[in-house]
Amino acid sequence: MAADGGRAVLPCAFSPKSQQFLALCAQDGRLRIWNTESKALQQEYVPSAHLSAACTCVTWGPCRAVQDVPQRKRRKCESGAAVEQTDLLALGTAAGSVLIYSTVKGDLHCTLDGEHSGPVNSVQWHPEDSVLYSGSDDTHIAEWDLQKGKVICKWKADRSAISSLCISPDGKLLLSAGMIIKMWNLETKEVYRKFTGHSTMVTTLCFATTRPPDSNGMYFLSGAAHDRLLSVWQVRSDGKDKNSVVSFTLTDEPQHIDLQTSSHKEEAMRLAVVCKDGQLHLFEHFLNGICKKPLSPVCSLQVSTMKGDSPVPVPLLAAALCADRQNLKLAYGHHLQPVMEKTPFNTSERHACLVRDVLSTLSLSVDMAVSKVKTPVVNQKSKVLMPGLTGHKAPIKLTPNEAEKRKKETSTTELSIEERLEQIELSGGRKGAAKGSSSLQTDSFAVLLVQGLESKDEKILNKIFQTKKEILIKNTVSRLPPPAILPLLEELSRRLQGHPFAALLIVQWFKAVLTQHASYLSSLPDLVSQLGLIYHMIESRVKLYHQLSRLHGKLFLLMSQVATSSSAQKTDVDRTAKLVYEEESSDEDEGSGDEGRPEDDSDNWEEDETAMELTEDKMNHKEEDEEDMKDESKANGDSDLDPENESEEE
């Protein structure tokens, strides 16, 4: 189905053979079946989980024979009378289930679920047996038995999601596609061939011929997301089918495809493709070999409507080729009320535009006779009572001057958040404030804190978290509502990772929150994940505390030693010498070194002898002085000495 702009692609399908019905799943999850001949809504079905599990794909089942007359009341002449009718409709859902809807019953036939763990992207019916195949995002293909409502077989088809499925006309081969197209043998469930060439997810698969694969005449086409080409592949008996043989150019990604197959080489294949931009492209080609150049459409069709003087394009939803090969069935407009039309097409015109008055057909008409809502008739003389002042008088209308005055008065009374913050700071700084001011201040702090957390305003949060009063912090935290606790903890943990100076203030808020709201925090199931960051941060800082304290002690010792050494250097030292020793024979020592003077030897010897005599005299004087000192001490201390000491001295 096509859509304009960014509209979602909705599942849409015409019934087989006669194209009598159009099944369309809208965005609200409802299935609507429209009659293309009467252009009216035939049936509407609302799945039980239409909001949670929307419909992802729609596929009509093969036509089956339905008896018009009941079995018991049927006559012998009517025993062979049977009408082929389209009855069953398969709906794939995002919940992984497949719904089988019966148009004859007008209700759900059965539900196939329990096998897929992801959304069902494609559903295909077996042409002969009562078997259904479904491909899902879980990379598996499921084969369902519709009579029992159970799965027959399930196998993994690809590494990526299965986005599209298609069964061959004889029912022996199955095409599945994700990023790679695989052809499966349904009897053995083994891969028959692989085809690679698309860089995106394959969204469209369709067999183009009814010929057997051994005759080199089996062809199928594929289209991928965000790709403006339709590729045609040939299934060769020798296995040399690595590249596509034909490609068709489009204006946008293909959304809806209808194809009339060719049974032999002389019969051309007809293809109708509805693109995402809302245009329809028609192709005719004889599939008999390789064509290197991309083929352009034979005819392109666009629907538009007049809005004023300029035409406005109307997106096509779906298109189907009629059996007479001369007409088209189109569905365009809005998915809630599509416009259906059967129109002939002429391949001689390369571009055709159908101008239709879509707005008038889409406008919902309301029958006044059926409607129960009636408008009251009001006369000019009647009075209308309105709620207002006492006595049910009309509301007072102000003159423009009075209204401006009132606006000015209200504007002066209203204060901004910044002004309120300044007033809070001023009231907090006053020493002689009243007793009731603290409650007002904490209330306003709690309100501002909640507003700052919801709006993530850094200015408000910075003003609040800069407070140092412990009582103000406790009162503010106690007045916070429980839903604001976790956002507050997240903001505090974020600020705790910043500058260390900010941590001194943030720790007080942490302490207040954990003590005031401990009961609420303990009731949370995911408390460990919420407080895990804070716990690890505190633990990492505590681990470094002992090392930092040791480093602080060592640095303190070094600094004290440096201070003492600097103070010692600053003290004044007296540089004057207390004692000076001068040698008397300095000149004689200098002369003693002259060994080469023989005339001075006699003089030197005489001087040495006189020096020796002087030293001996000095020694004798010292000994006499010591003896005199001993005699004095004996005279003074005779009574104190013991007889033993006296004998020793003697």
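Glycine residues also receive a Cβ, built from the backbone N, Cα and C atoms like all the rest.
Database features (TrEMBL):
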DOMAIN    85-164  domain 'Anaphase-promoting complex subunit 4-like WD40'
REPEAT    113-154  repeat 'WD'
REGION    390-414  region 'Disordered'
COMPBIAS  402-414  compositional bias 'Basic and acidic residues'
DOMAIN    457-558  domain 'Small-subunit processome Utp12'
REGION    581-650  region 'Disordered'
COMPBIAS  582-611  compositional bias 'Acidic residues'
COMPBIAS  639-650  compositional bias 'Acidic residues'
PLDDT averaged over the residues of the domain 'Anaphase-promoting complex subunit 4-like WD40' (85-164): 91
Residues in the domain 'Small-subunit processome Utp12' (457-558) grouped by DSSP into helix, strand and remaining coil: 86 helix, 0 strand, 16 coil
Structural state census, the repeat 'WD' (113-154) (DSSP three-state): 0 helix, 23 strand, 19 coil
